[in-house]
Amino acid sequence: MAASTAISSSAGGVRPLKLAEVERIEILGSESIVCGFHLVDYIWTDIFTNLSPASTYVLITDTNLAKLYLDKYQDAFQVAWAHSRPGKPAPRLLVHVLSPGETSKSRATKSAIEDWMLAEKCTRDTMVLALGGGVIGDLVGYVASTFMRGVPFIQIPTSLLAMSDSSIGGKTGVDTPAGKNLIGTFWQPKRIFMDMSVLSTLPAREFSNGMAEVVKTAAIWSPEEFDVLEASADEVRAAVLEGQRRQAEDTGMTLASRSPAQKMLLRVIAASARVKAYVVSHDERESGMRGLLNFGHTIGHAIEAILSPQVLHGECVAIGCVLEAEVSRRMGHIGEVGVARLSRCLRAYGLPTTINDPIIRKLVGDRRLAEVRPRRLMDIMGLDKKNVGAQKRIVILKKLGQTLEMKPTDVADSLIEEVISAGVLVKPVAESTDDARLQSVVVIPPGSKSISNRALQLAALGVGECRIKNLLHSDDTQVMLAALQAMDGCSFSWEDDGDTLVVVGGGGRLSVPDHELFLGNAGTAARFLTTTVNLIDAADGETTVLTGNARMKQRPTGPLVDALRINGCSIEYCEREGSLPLRITHSEGKGFPGGRIQLAASVSSQYVSSILLCAPYAQEPVHLELVGGKVISQPYIDMTIAMMAQFGCQVQRLSENEYLIPRCVYTNPAEYVVESDASSATYPLAFAAITGTECTVPNIGSASLQGDARFAVDVLRPMGCLVDQTATSTTVRGPARGALRALGDIDMEPMTDAFLTAAALAAVAPTDNDGVTRIRGIANQHVKECDRIAAMCDELAKFGVKTENHADGIDVYGKPIVELVSATPSVHCYDDHRVAMSFSILACVAPGGAEIRERRCVGKTWPQWWDVLGRDLGAPIAGADPDAANGSAAETAAAAQTGASCEKSIVVIGMRGVGKTSLGRVAAQGLGLEFIDLDEHLEKDAGKTIPEIVNGSGWAAFRQHESRILAQVLTQTHPTGALVVCGGGVVEEEANRDVLKQYMASGATVVCLKPNMQHVAAYLNRDKTRPAYAITSDINDVYARRLPLYAECCNYEYLVDKALLSMTDEDEHPGAWAVIERDFVRLLRFATGADLNRVDIEHPSFFVSLTAPDVREYLPNKLGQLTAGAHAIELRADLLLHAADFVDADFSDQGTEDAFVHYVHRQLTMLRHFSRLPVVFTVRTIPQGGAFPADANSLRLRLLHSAVQWGAEYVDVEVDNAAAAVYAARRNSLVIASYHDTTGKKLRWGAAECEFANEILARARSCGDIAKLISVANSWEDNLDCMRFVQHNHSVSAPLIALNMGYAGQLSRVLCPCLTPVTHPILTAAAAPGQISVAQINQARALAGLMPPKKYFLFGTPISQSPSPAMHNAGFVALGLLSTYALKQTAAVDDQIAATIRANDFGGASVTIPHKQAIIPLLDSLTPAAQRIGAVNTIIPIETADGQRTLLGDNTDYLGIVDCLRQTRVDFDQGVAVPDFASSSALVIGAGGTSRAALYALYTLGIRTVVVFNRTFSRAEDLVGEFGSLFDSLTAVPELEDAAKAQPSYIIGTIPGSDLLIPESLFAAQPMGVALDMAYKPRWTPLLEAAQKRRWKIVHGVQVLIAQGIHQFEKWTHLTAPVAEMSNAVFTKYNKEF
């Protein structure tokens, strides 16, 4: 300890110095690590006094820290200089402030700092100070190491993580797109000042982040320090987060003023720093020992590479520490106790310990978490700096506080991958030789879960000290320990490296915990603690809540609660009747009344044990009577009574089912040894039985307290095994492989948990008793961690084994091993440890082995089971990634880019009345999926209607039915190929939410329909087919409650609001439903990858940027004009802030934020309804040239994630900390990662000045699918530099949007290769300076020779009256194209046409009669539509990759028909709905080429019943023969009147100039239908006149002409057609002539 006395001298009126007393730590021969409190004056005094003087001091920090500390450091600089150099001129203090966050840690930022220092004329005698966390320290250290070839450097770490890790050792560096810290130097700081007073402002999460490194250091180096951290988590947390906040300003500056909390804080940090200093001193350049400091980092860094920045470094390292400790355990070095202690210690500091930890899941969500795949982690680990070539190295623990080697150890890839995988692949064990079979493997299972939990509770309630040995370290016992500690029931400590738990009992004195007791899926703890919490003596009205995970909330506790309630305990159910969560209300001096208690014990013996264990502390002696049928699992009750006797309480058994328990206090024995778990022992013994080998379990025998100890004698011996059981050990030798015998009938009630092991063996026991094993007495197994009997039936079926499920048992029909399925089954474990371990035994002989999907669920009772199975028993095991087939989010997105579709079933959720069933049916038909209504499915399964279920059994019973059916449909009966519509309240149950979230994580689509609640309420007032809501007064309350639950369970949202098309907020548009149906199918096609609606970036493309605060300004007519020529629409969410309701809005109010998000969703939905173009969703911040506040990050991130959920095809995200999160969660959306330099000073394109541009481009490509870099042109030449930059960096596989803003930058917009943002003359303002229109760009490109004019033609005869030239030429002019369209009339397809279509300037052609079929031989290929129709009306030149040109024949006639008929369902002007396509029939009049297109159009629309009439009946019959396979019914009729029998809703005429007599009977059956005539002259054909008389909707031939022409134009030009201009040109000519 080097101390400096606090002084108060003054110099020339300068304030006195306040010099702290400090502790110094030596590193590399110098005491340069300085620890203390309030060090600001000390820092400058030490620098000026003890270090070489500098002419300039450069202090670099970030904006967050500058607000807190910059003034103090600037003031102290002047004061310290005045005291140390009185009268001398002070050197310069320059300050540079950076943006906070990891994005600043880049080569570009480093260059910017160096350029600034050079501009400030800094020289080699400059000293650089880094004030900040790890980002600042690493970056500034790198600057110091290279500036002028190295200048002195000072570290002033301000975070716990930096103090304990990154500031010590001299590592500097920056991040690159390839990874973190891959470029940097070793540059030792002259001083490291750890001012611990700054930690008083540390957020709780940053405290946890830093503690990961502290715990890590203790775990590799100091057992004593680990013990302190383990035992003092609350004290350390309080010291950091609370201890200093209550102190006076300078408290702790001197030793005398230092509080206990500050002393604890200093001890913890200094101890960690001292270890790192020692290691660095002995291995500065990380050639050996220093690698020890990377414990947890090999795996942790790989996780961080995927989940950063949402998950912090320390959080990833914590997970890495546990996983790397598991690697050590797998290798046989550290025991499970050590791994469990490490995990528990990290959790005590608020850190995650598994990849699927709830902390991580909450931070990143299931979709992002799905990207953490073993293979990807292994690939990232392949770049780890500790590797030697391809050999990975990991720090291996020998025990806590000691490593195997003083350096990282070589570890095989297969072992690492096994440990990090979610699943495990178990392959069949090779048959042993006779000699090997005789060798006995000894396996010691962990301590009994049942005994461990009882021992913990007994010792905690007892008095005195008890040393518990062989305690099970598992999830269940951790839960029990945590709960007992939370109630202050006792104190715990560890001895013998954690092998012994020392419990000091509290004598039954319990306190109300300060938080609810979360018990996970620990059934034993839940049942025991249900009674225990009633012992709390607290003030009246105080409460304790017991809760658990989704499965625990389904498991029954009703009989126990009923008994306790009758006894006088105050317990209420918080959710489902009969299950957790429970709220226990305490009463002072009352507690657990006791006396006579009747308890139903036919479901679980744990109810009985719960009351027995607590009975001695009741107010009166307990007389316990067990009622309600046969008592289940009596051996466990006997176990409880025997253990109570060992702790000094004698229970008197009055009769078979009556017990008397006296009032007393348990007396703790000095030592209690927990027996090994007999249930767990069944697995190694079963391994011997099934493989024909020998195994000994040395600490389970006939004297055991546990019923499962009889498994070897009662089950394995009858199956043909040799069993040798003594009082304390059991040895089993199996028969020859395949020779196990079926058991016939066996009652396993004394050992119910072992039935799963027996069932797995029975599956391959085909001899004796007809090969059938009938297990009974296990009814309680239906309600364990899962329905275990059902689980065994379902999973054994995957092996080809027949079973039968009974109320109290299971029948297993054994078969020879060779007859099991040869494939590798994937076993779903239902998060049940016993399911996993049982099937791992069967996998050891199954021909294909088995994939056990949930590897970690064995942590409940035997965390190291896979180590034992692989290492000790010799089973071949490997890591397995069960969900790899479904793909990660990134893989799904990649597949979607290639057009791959997801085969998973689609799930639709949302409020009742929103339209789920109606939309679901239409979507299912449109996507070719089976439609499943979950409510109908449930009613069929239950044999009752939902109102009958609810009225008869209550909502809870209905929800239980619903949960079972939902899981069954999604995992068993319809996991693929269906569209599943759920009931409105499906999300009310956590179990259902978990099912939906797991289903999403597997790559499936779950869509939530968002309602207009006024419309829903109106519907519900009419609908009586479902039960009324419990809160009928306000359906909005129900929706508000469910809204966050819906959001939790979906990955897409679709707004259903029939008012949007009416351009109001309330009125329903009568034709809205057809549009809603259409766009819902569009969203699902996007979500599943069937149609991603993306821009073809192989051609120049544009998106128009809307600037109004309400898109209704453009609707319904202007939007088509605005989007002419564009390929996408940009919705600027930041500009929507200018809407009247949000101009001065306070977004700190949650309601206002929600309203704005909903407003944006409405805006996007309206765009969808009026345009088919993809949407570019943008939230541009003010610093990047937009209107969105830069500090509203949470709202911006919410909007961007919402855009993905809403199905925006493109999401523009600024290159910052938010970009990685959106990119990882983008699903099928593409992320445009953008950067805007609104000054044009930083982002430069020239070869000599483009380093920053290259850096930003690399960052953009690391977090985006498309990079977008925008600068400002300061000169015309900047556009040429930009063009060259694009040429060097743009490709179709790596697209780049790069351009310059401003008038001078307009040329760069002309040259931009793809997705150029454009404006339009009718917009009141452009979205950015210098934006121009599509027409302007095309004109400029043509003048520059980049777009040579093309020639287009119409081939056919007679064609002189055709309006096509007027239509297409108007389109060319509107878009600034210099191309022309002309008539080429020929009687035949001759050499003239052949030469025309092969000319270099040929752009395309329309083909009409009589050439639609004759033209085909001249073409290179046909589209599928043209092939099926057998006629071509459009020729399209296609440029191939090798520069050649081919001619493609297409048919757009059918597309024109499709568009016009679809539009009739939207144009709802007559008040009567046009029938939907799926339920309608149609009539086609004619049998020529156009009728073929009509039939294909009807097929495309989904109409499957069609009648064809033609005057020449045989031609109609020929058409039916050719197209019949497309329809359910396609028939020809000889007379037109005969078609009336089909009751057509759609009639298409295809005969030019027809004078047919149209019978009225065709229209009689339908009050509303559609008549379309392909002939456009005369305007009113007989068909249309007849239809108009019956008030049908009419489609004139000219409308189809325009619609098909629009498709031709877009196929030729790759531009969106200017529909208004082209339509006006046609009608101008048409109206004159007709």
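Glycine is no exception: its Cβ is also placed from the backbone N, Cα and C atoms.
Nobody curates TrEMBL annotations by hand; they come from automatic prediction.
What TrEMBL lists as region '3-dehydroquinate synthase' is 1-413.
Positions annotated as domain '3-dehydroquinate synthase N-terminal' by TrEMBL: 97-208.
Feature annotation from TrEMBL assigns 7-phospho-2-dehydro-3-deoxy-D-arabino-heptonate binding site to ARG149, ASP165, LYS171, ASN181, GLU213, VAL214, VAL215, LYS216, LYS276, HIS297, HIS313, LYS385. Around the Cβ of HIS313 (7-phospho-2-dehydro-3-deoxy-D-arabino-heptonate binding site), the number of neighbouring Cβ atoms within 10 Å comes to 24.
For 210-387, the entry in TrEMBL reads domain '3-dehydroquinate synthase C-terminal'.
Per TrEMBL, active site, proton acceptor is recorded for GLU286 (among others). Here the Cβ of GLU286 (active site, proton acceptor) has 19 other Cβ atoms within 10 Å, regardless of which shown protein chain they belong to.
Residues annotated as active site, proton acceptor in TrEMBL: HIS301 (among others).
Residue density at HIS1236 (active site, proton acceptor): 21 other Cβ atoms are found within 10 A of its Cβ, drawing on all protein chains shown. According to TrEMBL, the active site, proton acceptor annotation covers HIS1236 (among others).
Annotated region 'Shikimate dehydrogenase' per TrEMBL: 1349-1634, in sequence order. Taken together, the residues of the region 'Shikimate dehydrogenase' (1349-1634) have an average pLDDT of 91.
The domain 'Shikimate dehydrogenase substrate binding N-terminal' annotation in TrEMBL covers 1354-1435.
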Among the recorded positions ARG149, LYS171, LYS276, HIS301, which residue has the fewest other Cβ atoms within 10 Å of its own Cβ? ARG149
Residue from GLU286, HIS301, HIS1236 whose C-alpha is spatially nearest that of LYS171 (7-phospho-2-dehydro-3-deoxy-D-arabino-heptonate binding site), among the active-site residues: GLU286
Rounded to the nearest Å - Cα separation of GLU286 (active site, proton acceptor) and LYS276 (7-phospho-2-dehydro-3-deoxy-D-arabino-heptonate binding site): 12
Reported as an integer number of Å, what is the Cα distance between VAL215 (7-phospho-2-dehydro-3-deoxy-D-arabino-heptonate binding site) and HIS1236 (active site, proton acceptor)? 42
Mind giving me a neighbour count for GLU213 (7-phospho-2-dehydro-3-deoxy-D-arabino-heptonate binding site)? Other Cβ atoms within 10 Å of its Cβ, every protein chain shown. 27
How long is the line from the C-alpha of LYS276 (7-phospho-2-dehydro-3-deoxy-D-arabino-heptonate binding site) to the C-alpha of HIS301 (active site, proton acceptor), rounded to the nearest angstrom? 19
HIS1236 (active site, proton acceptor) versus GLU213 (7-phospho-2-dehydro-3-deoxy-D-arabino-heptonate binding site) - Cα distance in angstrom: 38
In Å, rounded, how far does the Cα of HIS301 (active site, proton acceptor) sit from the Cα of HIS1236 (active site, proton acceptor)? 31
Calculate the distance in Å between the alpha carbons (Cα) of HIS313 (7-phospho-2-dehydro-3-deoxy-D-arabino-heptonate binding site) and HIS1236 (active site, proton acceptor), and round it to a whole number. 29
Could you put numbers on the helix, strand and coil content of the domain 'Shikimate dehydrogenase substrate binding N-terminal' (1354-1435), residue by residue per DSSP? 27 helix, 19 strand, 36 coil
CB neighbours within 10 A of VAL215 (7-phospho-2-dehydro-3-deoxy-D-arabino-heptonate binding site), counting all protein chains shown, number 28
